[in-house]
Amino acid sequence: MVKFSKQFEGQLVPEWKEAFVDYWQLKKDLKKIPLLNTDNNATNKNKNKDSSFSSTLISSIRKLPLFGPQRREHGVIQVHTKIAQTLSKGDLYETELLEQFADTEAAAEFFALLDLQLNKVNKFFRTKEKEFVERGESLKKQMEILIELKAALKQHHDIGTSSGQNSKEDESISGTISCDEESTKDRTEQEQDIENSIDEVNKNDGQLTDSPRSSELGKSTSIKREDSKSKSQSERVINCHGKSLKIHVPLTNPTRTFSAISYLLRDDMINQSSKKCGTDGRKLHINRTKLKHAEKMIRGAFIELYKGLGYLKTYRNLNMIAFVKILKKFDKVTNKQVLPIYLRVVESSYFNSSDKALKLADDVEEIFIKHFAEDDKKKAMKYLKPAQKKESHAVTFFIGLFTGCFLALFVGYVIMAHITGLYRPQSDTIYMETVYPVLSMFSLMFLHFFLYGCNIFMWRKTRVNYSFIFELAQTKELKYRDVFLICTASMSAVVGVLVLHLTLVAKGYSYNQTQAIPGLLLLVFIMLLVCPFNIIYKSSRYRFICVIRNIILSPLYKVVMLDFFMADQLCSQVPMLRNLEYVACYYITGSYKTQDYGYCMRTKYYRDLAYAVSFLPYYWRAMQCARRWFDEGHKSHLVNLGKYVSAMLAAGAKVAYEKEKNMGWLCLVIVMSSAATVYQLYWDFVKDWGLLQCHSKNPWLRNELMLHRKFYYYFSMGLNLVLRLAWLQTVLHYNFGSVDYRVTGLFLAALEVIRRGQWNFYRLENEHLNNAGKFRAVKTVPLPFHEVDEQD
């Protein structure tokens, strides 16, 4: 049977862990009581004789009518209710001990902590419930506006059809455009001031403080976050059925980005002074496309709200069970009847008695079924309560099978390569220039993928909510077993094909007959990646292609966590990308037919393209930083952009040094690479990992750590430092004995991939702790419709 402590930790909401009952600390305090009883057993026996007369006298006095009415009931304890200074905190509970315990001081400490936990749970539940209820009311208003606009659009369509207008035209509702007097910069600064004020209030009041000022500031902040930042959203104001509404369309793709930019330019060209006035009579058309997008946004907001209400229900149930369990343990240790008394208080407390969240969840279900699922409850529940993907034992079996196949094939390949002497400096040049790049490309790619599977395993073990951070669908995300299955199966196929190719070459087949085999292998993997059929993890393949598209078209797409996380991975895969470009050039130009492997490097166009590949990942990442600065306005994104610019300058110096190997370029490579390395190390440790905090309780780390041993963090920082210096190979050109230099390059590239793998874990750990520090467990979906005051 699983212990409740492990069950409790496994089911709680990771981002709300600090707000749950501290069950483990209560158990520690409870253990002090029996230990002290054992130590003081003999002393207590002597004291019992001396205090028998006094205890009898006290109990007789308590029975007198003069003292009886002061207590509501006679028992071991009594829980007093105190009215809090603010209504947001609700009632506060404080326990008084009515009987002597074996160790009264330890029992008093236990109940003091228990009262603190109960007050904390009530306060957090009240805060989150209020937040979700306000969000629910806003969504209901959004739904009313959407229904009204859809009805107006339908009426407009019916009138146009009856009057003989062309029904194929995109029907629309006319409105008026207005603009806000407040500039984006001013609103961003005000928002930053409000956030700073909230941080100060939270620091002064302690954890989970909910004063009137903080609640008002939090509310105003949420309004600012949704109504400001015109840089990241295109804003439209319409007047429909007597309501002035502002429509926010997030700039999530190039079409909306270009339309917003063209709108702003056209607005400036038509009337420059219009930004200082209200409505100027220009027309705006709200068509079906915009309403569909607004409907999609509202639907997503309802799904996130329902998920948050589910978390709140879990929060209530787990905390209730935790109180029952710890009180049972207390009764068992002390042989007292505390559970019935204190449990009545817990059951009547706010977090267990309030039903607002339950009613709101029912309302959300009803609205979603009616308006988004065509009155089909089963269909609605697929969105609101998606079923978890079941683990299959067959996956584990095939992982073991393909792992064994890969190891056997790899050992055979190494033996054959050693016998034929392929990887020596005087090896077969054609093989090393044509087939080996394919092997190294797949090796680096699937090594990286394998480390991602290890990351998923560690994130799940340490309760890092990577699915929420990456915004992955729970029913479609890859589990670590799926990742391992893909890696083992793919590498078994790759090594198997290369063993076959090497066998054919060893048997005397000419390169003209075997050169197409590596190219066909690459073509098969590309076809599997873009395969439109619902096989081999179609949803994950499609998501991967979309992320790559977003990266390549940066900064036209809005940047989310998964996009810049994947772009960081590409920065560590420059050797793989260069091999991919070379292999593609070798087969597309038809050089494989004549074994002219040097054609791509002799042709200036392809040679320059190969050098450009070295810059592209850093360029894409820099453009993402620029877009995030444009959307959010934080200067830290510009500082991060400088890191990738320094990496591009260092890469450019290396390219120049490869062309002209002289002392001047060598000095420039050392200077630029050293500066870029220091820049990158600082950003890794301080910004990405959140470490090197001077005033942390964990020296040179941070206050909150997901791993129990600090040694892992120090070791990872040292390893990251060493692996960041791999660029020294460019200067030293050190070879490992008689091994070919291309094998040495693959080894160094694999070290960079390993460095990125360990970087991934700490990067998401820090992101998770930031979310947990602000209790962000559900995504805040922006709402499309916002009412505007007429004076604006």
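Each Cβ is built from the backbone N, Cα and C atoms, and glycine gets one as well.
Please treat TrEMBL annotations as automatic predictions, because they have not gone through curation.
Taken from TrEMBL, the feature region 'Disordered' covers 157-236.
Summarising the annotation, TrEMBL assigns compositional bias 'Polar residues' to 204-221.
The compositional bias 'Basic and acidic residues' annotation in TrEMBL covers 223-234.
According to TrEMBL, the transmembrane segment annotation covers 394-415 (among others).
Look at TrEMBL and you will find 435-459 (among others) tagged as transmembrane segment. Outside the transmembrane segment (435-459), and at least 6 residues removed from its termini, the chain residues within Cβ reach (under 8 Å) are 422, 466, 478-480, 483-484, 486-487, 490-491, 494, 498, 501, 518, 521-522, 525, 569, 572-573, 575-576, 579-580, 582-583, 742, 745-746, 749-750, 753-754, 756-757, 760-761, 764.
Summarising the annotation, TrEMBL assigns transmembrane segment to 480-504 (among others).
Residues or ranges marked as transmembrane segment by TrEMBL: 516-537 (among others).
The domain 'EXS' feature in TrEMBL is assigned to 601-792.
Feature annotation from TrEMBL assigns transmembrane segment to 663-682 (among others). Same-chain neighbours of the transmembrane segment (663-682): 642-643, 646-647, 649-650, 653-654, 656-657, 720-721, 724-725, 727, 730-731, counting only residues six or more beyond its ends whose CB sits under 8 Å from a CB of the stretch.
Among the features that TrEMBL reports, transmembrane segment is placed at 711-732 (among others).
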Confidence summary (mean pLDDT) of the domain 'EXS' (601-792)
88
